[in-house]
Amino acid sequence: MQVDLLSSAQSAHTLHLFHQHSPLVHCMTNDVVQTFTANTLLALGASPAMVIETEEASQFAAIASALLINVGTLTQPRAQAMRAAVEQAKSSQTPWTLDPVAVGALDYRRHFCHELLSFKPAAIRGNASEIMALAGVANGGRGVDTTDAAVNAIPAAQTLARETGAIVVVTGEVDYVTDGHRAVGIHGGDPLMTKVVGTGCALSAVVAACCALPGDMLENVASACHWMKQAGERAVARSEGPGSFVPHFLDALWQLTQEVQA
């Protein structure tokens, strides 16, 4: 399958839409990344909410623009709340995104993620090892880290997309986004982004938000990857290391939104 490139004009158009619609994103994400995820969404103009109580999660999924399910710090009570939210999202036609953190390394979350696939996510975002494991190609990864190159996961991503109907994102040195029939590659970013906890998880939240936008969902999701890589490059140019990267990254996201409004 040919891998196309996303144009800067497409990315800018989607960011303009993002700012106009300001999606309300219900983030059922892991404990390690909640603040960074919320700040990333805010910097881009979205509205984050972290609602985890089972009864509230179901109720909120019905009114949110989009739902994120991230299994990074999964527990049985949290799985119950996530299941309720996903069931309600399907009923309410709220697009939801799955981030199958470490799905290839741990059995409980692998079974849980496979169960959730029956509720038809709008998007799935993971590293190469996670996507390959979720597709049943291989069980791999070193915890949350990948042991495979993103390009090697393209066939698995295409299969997973066709089987689930989801837009599948494989992140790495190059991000690949596919609906099973088309594929887009997004270059850029910097290795320093892997030295900060939460950049991938925050991307999943932005992907979730983009699934709520009008237009071509594949292009919208690919645009999310492009913004994060752009902001990463800008932040690295101003940073001395991981500690100073985070505030510069959030500033860079904010600046991107200001540029498309100018």
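Along the chain as shown, the residues are counted starting at 1.
Backbone N, Cα and C define each Cβ position, glycine as well.
If you check Swiss-Prot, you get these features:
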BINDING   Met50, Gly198  substrate binding site
BINDING   Arg125, Thr171  ATP binding site
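Overlay of Swiss-Prot annotations on the structure.
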residue: Met50; record: substrate binding site; Cβ neighbours (10 Å): 16
residue: Arg125; record: ATP binding site; Cβ neighbours (10 Å): 32
residue: Thr171; record: ATP binding site; Cβ neighbours (10 Å): 29
residue: Gly198; record: substrate binding site; Cβ neighbours (10 Å): 21
Assigned element (helix, strand, coil) containing Thr171 (ATP binding site), judged by DSSP: strand
Alpha-carbon spacing, Thr171 (ATP binding site) to Gly198 (substrate binding site), which is rounded to whole Å: 13
Residue pair Gly198 (substrate binding site), Arg125 (ATP binding site) - Cα distance, angstrom, rounded: 13
